[in-house]
Amino acid sequence: MRIAVIGTGYVGLVSGACFSEFGTSVVCVDKDASKIERINRGEMPIYEPGLDDLVARNVKEGRLEFSTDLAASVKGVDAVFIAVGTPSRRGDGHADLSYVFAAAEEIAKALDGYAAIVTKSTVPVGTGRKVAEVVMKARPDLELGRDFDVVSNPEFLREGSAIEDFMRPDRVVVGTLDGATRGREVMRALYRPLALIEKPVLFTALETAEVIKYAANCFLATKITFINEMANLCEQVGADVQDVAKGIGLDNRIGNKFLHAGPGYGGSCFPKDCLALVKTARDAGAPIRIVESVIEVNEGRKVDMARRIVDALGGDAKGKRVGLLGLTFKPNTDDMRDSPSLAIVPALLEAGASIRAYDPEGMHEAQKLLSGIEYAADAYDALKDADVLVFCTEWNQFRSLDWTRVRQAMPGRIIVDLRNIYDPTRVAREGFTYHSIGRKAAIPA
Ligand code: UDX
């Protein structure tokens, strides 16, 4: 089998590398020559644990290559995956599909034999059909089902565990147009290694696969938002949201995953996908009001986190120093997209606080987005002279701080933990007043 993957962003690079690991011959294509050069030198454009080794091994074994030449790369392939960006369009929030359609047109012009054209980028419902139209317009000589098929194969990769998610997914979803027998066979063959480990490949209609992707992400965003609002209630009535999550999560129908209360979801998928689904649903005359509420609640929540920090400082942050640990939207990534810190930091600055921050991988990205704060060399350095320590992202290295060093670094004795990474009584015993999410504040004896 041979495939081309168009776009070496997060999804394209991880999918391409993983398919090559499955034994398929893969060429990853990107217009950006400097990016391809860097990847060829072994420098990954994204931070993803294990990706550099995976790429290096498969390049060495001759199964994985990188190119800027789309036309040459799609010659003789069984499938072309479109994994280009689909940013939210400014103004109306719709996903911007211009890169997807441009890629489809270029692929069509270069096709010299049958290929399945697969959308891997997260695209609004109906995009697959439009891709088929673009292809037929560019190449009226091609016949759908004979010379090409259009397939939707959404990704469910989590940043930080994307390789594991690709290699051992809960399921693979493949949507095709009626009669796309060859397209299905190509996809079945590409994912054959998963059959060996009994991972299901679900074949559906094209539009169904497109809906599944949005339904999955919006459901998860809803689940998180649900527990976040439960956390607010717990704080008011003296309950513990972690136990509530356990208590409901043990019900198999609910499940214990994605019930960790925090500062609100962020990242490249949930915020964008929720917005896109809401737009699609409104346009289709079937508004999904629950997701509309989720978006509103989540946005408000991020800003409200700054208010909590100010409250912990006694209601006035003027002249106060905040030591902020974690800037990325979650651990094991350098991704700052829609990170709660992007709302929290400006609100704290506005309230008159000064901030010294540290993140294990996100500093470079953060510096592009957050100005007016100091960036520290490590966690303890971030706490220098701080009145309050704030945990914003639950990086492992923040889970076992040396309390003696913390006490030496910061004169303040207040901690606001937006990720619930510590046991409240334990932290109080170390002499700190500890505020967390959905649990009672713990005060030193
Ligand atoms: C998500 C989906 O999980 C993945 O399937 C999809 O393809 C892309 O979007 P990702 O954005 O990488 O992946 O991160 P994920 O681990 O899902 O976390 C998303 C956000 O939710 C983060 O901000 C995280 O901190 C937050 N979250 C997650 C919670 O607040 N509580 C939880 O219990 C789980």
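Using N, Cα and C of the backbone, Cβ positions are placed for all residues, glycine too.
Automatic prediction, not curation, is the source of TrEMBL annotations.
Annotation source TrEMBL lists active site, nucleophile at Cys269. In the three-state DSSP scheme, Cys269 (active site, nucleophile) is classed as coil.
Neighbour count (other Cβ atoms within 10 Å of the Cβ, all protein chains): 24 for Glu159 (NAD(+) binding site). Look at TrEMBL and you will find Asp30, Lys35, Thr86, Thr122, Glu159, Lys272, Arg337 tagged as NAD(+) binding site.
Spatially close to Phe156 (substrate binding site) yet at least six residues away along the chain are Asp165, Pro169, Asp170, Arg171, Lys213, Ala216, judged by Cβ distances under 8 angstroms. Positions annotated as substrate binding site by TrEMBL: Phe156, Leu157, Arg158, Glu159, Lys213, Phe258, Leu259, His260, Ala261, Gly262, Gly266, Lys330.
Positions annotated as domain 'UDP-glucose/GDP-mannose dehydrogenase C-terminal' by TrEMBL: 323-424.
Residues within less than 8 Å, Cβ to Cβ, of Cys269 (active site, nucleophile) and separated from it by at least 6 positions along the same chain comprise Thr122, Asn217.
Non-local contacts of Gly266 (substrate binding site) by the CB criterion (under 8 A, 6+ apart in sequence, same chain) comprise Lys302, Phe329, Lys330, Arg337, Asp338, Ser339, Pro340, Leu342. Taking a Cβ distance under 6 Å to any atom of ligand 1 as the criterion, the recorded positions Lys35, Thr122, Cys269 reduce to Cys269. The average pLDDT for the domain 'UDP-glucose/GDP-mannose dehydrogenase C-terminal' (323-424) in the predicted structure is 97. The sparsest Cβ neighbourhood within 10 Å, among the listed binding-site residues (Leu259, Ala261), is found at Leu259. The shortest Cα-Cα distance from Arg158 (substrate binding site) to any of the binding-site residues (Asp30, Lys35, Thr86, Lys272) is found for Lys272. Listed in sequence order, the residues of the same chain lying 6 or more apart from Asp30 (NAD(+) binding site) and placing their CB within less than 8 Å of its CB are Ile6, Gly7, Thr8, Gly12, Ile36, Phe66, Thr68.
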